[in-house]
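Undergrad: Take this structure, written in structure tokens, and hold onto it; I'll ask about it next.
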Amino acid sequence: MGDNPKKFITSDELKNHTKATDLWISIQGKVYNVTNWAKEHPGGDIPLLNLAGQDVTDAFIAFHPGTAWKYLDKFFTGFYLQDFHVSEVSRDYRKLHSEFSKAGMFEKKGHGVIYSICFVTLLIFACFYGVLCCDSFWVHMLSGGVLGLSWMQVAYLGHDSGHYEIMSSRGFNKFAQILTGNCLTGISIAWWKWTHNAHHIACNSLDYDPDLQHLPLLAVSSRLFQSLKSHFYGRKLTFDSMARFFVSYQHLTFYPVMCVARVNLYLQTLLLLFSNRKVPDRALNILGTLVFWTWFPLLVSCLPNWNERVLFVLVSFCVTAIQHVQFCLNHFAANVYVGSPKGNNWFEKQTSGTIDIACSSWMDWFFGGLQFQLEHHLFPRLPRCHLRKISPIVQELCKKHSLPYRSLSFYEANVRTLETLRIAALQARDFTGPAPKNLLWEAVNTHG
């Protein structure tokens, strides 16, 4: 007797398994039941839920090392996808990923991590020296700026450690994550992973990507005026009279909001760590956050008066705001859509939802490699030292398949982002829109 014949299901049948209690996916045409694994998944359950009931081969390849394939067999249902098909774009993407892997590029991290650690150490030492050993007001303000710059560089290290191991072992890498995220910036690495993985999977989906869900302060598209449900937060993104008011002036308030954006990140960290949600390494994250809220207030208290303390914090926040702005430039003016991400157009969605920032190679340290946003989204595990090298290859692939590859200067990206915000702001001022009116709104806007 020969081997048992293969069992098949169709893509439509696979779509029936999209619930947390019944979660199936397909990889390379083989169907897997990951229902019980979702909560244990190192990347969280959100990416699996967002792509449930689909073939997710491209996303799996992008986010997992080759060693991950051997763990799939225990989830195999015995079914194969009957109408499994690989598009030309996906075929070229997978071929390119394989070439990078064979060249060892995912393991060759260069010396950037060591340089970054040394630079961050120098910046933090300079900040502490300026605050503790100098009496000059201007030195204190400069120290605040230096602290903000160190937070930017630390964030890049934390980002790198979240996507791939920057240290010699997984344990040391986890230590680096807690140190760079929680201890030095006060922003939980657990919160970052939770939101960032969802962002990568659902890049620029208005209702699935948390990085575009900033109501009541900001809205990049008038479609958010429909009070969409956030499938990430599990609640409605209410566009009410207050949101209409703020959004109507968002192109004017964008930079001031970015200057205090860290306050929201601190709040989001606390909300997650003390929520009922399952949080990996909750105790370590809380401990690391407590370390930050010990040293940072103590440092600020060493300044001679409250005026300097407030200004010191504001200066540090304003410098770090450059990074917050950069992240917005990478996505706010790109294409957006409503709905869940699809596994069969991974490459296309990444190209449509990202914008690169063109800069000279000597500025790579400042942008942390994330100016190559599309390259990073396509190959999130690729160390940043390789992103500039692969940029021409990605451009050629986009050109071959008539897909957008947008690269703007920092100035041009700011202009494009402000224009996107202004268009949405003007649309929000339309009184025929769905948001309810109130007396404050009418009083402020009666005469335009």
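Cβ coordinates are placed from backbone N, Cα and C, and glycine is handled just like the others.
Curation does not apply to TrEMBL; its annotations are automatic.
If you look up TrEMBL, you'll see 6-90 marked as domain 'Cytochrome b5 heme-binding'. What TrEMBL lists as transmembrane segment is 112-131, 137-159, 254-274, 286-306, 312-333.
Each of these features: where is it, how hidden is it, and who are its neighbours?
TA: In the domain 'Cytochrome b5 heme-binding' (6-90), the DSSP tally of helix, strand and coil residues is 31 helix, 22 strand, 32 coil.
Sequence-distant contacts of the transmembrane segment (112-131), counting only residues of its own chain at least 6 positions beyond either end whose CB sits under 8 Å from a CB of the stretch, comprise 139-140, 142-144, 146-147, 149-150, 153-154, 156-157, 160, 166-167, 184, 299, 302-303, 312, 365, 383-385.
Proximity of distant same-chain residues to the transmembrane segment (137-159), defined by a Cβ-Cβ separation under 8 Å and at least 6 residues beyond the stretch ends, is recorded for 113, 116-117, 119-120, 123-124, 126-131, 166, 176-177, 180-181, 184-185, 187, 189, 192, 196, 303, 308, 311-320, 322-323, 365-366, 368-370, 384.
If one looks beyond the transmembrane segment (312-333) by at least 6 residues along the same chain, the residues whose Cβ comes under 8 Å of a Cβ in the stretch are 131, 140-141, 143-145, 147-149, 151-152, 155, 203-204, 211-212, 220, 254-255, 258-262, 300, 303, 353-357, 367, 370-371, 373, 408, 410, 413-414, 416-417, 419-421.
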